[in-house]
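Visitor: Take this structure, written in structure tokens, and hold onto it; I'll ask about it next.
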Amino acid sequence: MAREFSLEKTRNIGIMAHVDAGKTTTTERILYYTGKIHKIGETHEGASQMDWMEQEQERGITITSAATTAQWKGYRVNIIDTPGHVDFTIEVQRSLRVLDGAVTVLDSQSGVEPQTETVWRQATEYKVPRIVFCNKMDKIGADFFYSVESLHDRLQANAHPIQIPIGAEEDFTGIIDLIKMKAEIYTNDLGTDIQETDIPEDYLEKAQEWREKLVEAVAETDEDLMMKYLEGEEITEEELVAGIRQATINVEFFPVLAGSAFKNKGVQLMLDAVLDYLPSPLDIDAIKGIDTKTDEETTRPADDEAPFASLAFKVMTDPFVGRLTFFRVYSGVLESGSYVLNASKGKKERIGRILQMHANTRQEIDKVYSGDIAAAVGLKDTTTGDTLCALDAPVILESIEFPDPVIQVAVEPKSKADQDKMGVALQKLAEEDPSFRVETNVETGETVISGMGELHLDVLVDRMKREFKVEANVGAPQVSYRETFRAATKAEGKFVRQSGGKGQYGHVWVEFTPNEEGKGFEFENAIVGGVVPREYIPAVEKGLEDSMNNGVLAGYPLVDIKAKLYDGSYHDVDSNETAFRVAASMALKAAAKNANPVILEPMMKVTITVPEDYLGDIMGHVTSRRGRVEGMEAHGNSQIVNAMVPLAEMFGYATTLRSATQGRGTFMMVFDHYEDVPKSVQEEIIKKNGGNA
């Protein structure tokens, strides 16, 4: 089959937002208008097309990014619906990596919320162009201009309306297009009957004022337009659209639109904006990668004639077809039944069938082209972030980096039968979700699972029960602490065993220094003159790495340390790799005495929204939990408190907040960074863990 849509007419977009801003409903409406579904599903009825896991339908939130494809005005739009709950930021991150553009959905009553900030920051990191859709304009308290202001204040975004609403709350009846300077009035509930009219008299002045701001903002991003603007010349509609498109693609400008997905208003205009302002695969830079034959950097342009290269961004188990691998094709074409190279693992894989997904229904296709997003059946070794490419043109594309988990719980199977099934279930879930880890505690033998938050682990345990029929008892959540050194020190490790016959001999001197936060472990070999033979150097590094898994104070992983091997000695007969591995681990333990080791704990950025009367209580909550208030802002009758609080102190806070505010307060938290725990807390943790120090 020939290519159905040209690259110019392809859009790969994500829908991203804070939880409950109406993201899934917006996607539903897109699918309705583009003819993909005939009946609209409502999230609050648990019938939404994009939320296809049982837990999503029950909880009314989106957990996995469902990928679907739609058509609008002769364009193909591939949409990835991403979750807004902070525990699932990993899903957002991996989606952003393979998108060309995104629609950020805001709740017009709340404007920019904490999770909006998180996903916005991630999108900026990946240089993803965005348009902003101010949703829920029909809601009580909806305020379009407050939302625009919050984009400036909280995100420092150069965001400007390209349309403004007519009315708000139940009087929200239409939208003024600031580019055409026309009004779109909605006359029926399904949003299919739209009348284009002149701008109502009482809105004309406001529309002219906002159009002037828009023209000025766009002109600032383009020299030619700036000259015309300064000379007082008229900027045409075509020039304005072209200027907005270029500035949006360059991530210098963010068009803002208004609407209500639930009331079917503004969604078609938002789809038009996706076509007009978000990039096609041709508008973005060719993806970079490393040519595995030459080890040099290379690029893969969006071109069907180029060698095939794609990135696997999600693996999931489908109840009907088994293991599905979602991938984004950057260059070349791929036919079902062909072989590809998984360059990240150095393995050959056969593509069984290729499916194009629509939420949880699927259509089998023979071929995918550059710029497409599809799912493959039959890949055995491919995991998230792997590159799949042509056998004769190997390349490794930039992968996806995933955050480390911050919370862990012990799980134990309820029966012997569950024991065997649990191992398989956990392995499958970990394959699907790289931010979920499974480990066995060597000393206690219990299985420990770790993830990004309580909800994240709840959902995974729930899936284990439903999809794999495994019943398990779950322990209380534990914090994933870390340890590090705060002072530089030198230490010796000497391992000598002489017991008749062949002995053991390993001897090293290592200098340890603190590394920057997040940089991990760095090893440097500074041996001169072969005092430690080259073949034993990897064993020294391995010995240090192994013993860092089990820290010196309370057995938590040691992080962010530089180790420089600078001296040592060896024995011609008795030295071997094992001896040097043990010597290295002895050096690390010896260093701990003088390196000022500390325990680190995850700090959470917490945002608490409460009615004003309860502000005093909330301040008390933060300080009693070792937290610090970092700022406050009023919003309507509510106060929003931003604070930094240790995760260890936040367990069960939902209940405390509910009872303190009669159920009127809400809070959100997202992991921010690791910080030293106070001395008194450190002593308690060491005591509780039986201490290694």
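Each residue, glycine too, has its Cβ placed from N, Cα and C.
Quick paste from Swiss-Prot:
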BINDING   17-24, 81-85, 135-138  GTP binding site
DOMAIN    8-282  domain 'tr-type G'
Visitor: Name, in the order they occur in the sequence, the residues of the same chain whose CB lies under 8 A from the CB of MET137 (GTP binding site) and which sit 6 or more residues away.
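Guide: In sequence order, SER108, PHE144, PRO165, ALA168, GLU169, PHE172, ALA258, GLY259, SER260, LYS265, GLY266 meet the Cβ cut-off.
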Visitor: Specify the secondary structure state of MET137 (GTP binding site) as given by DSSP, simplified to three classes.
Guide: coil
Visitor: According to DSSP, does ALA17 (GTP binding site) sit in a helix, a strand, or coil?
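Guide: Note: ALA17 (GTP binding site) is in a strand by DSSP.
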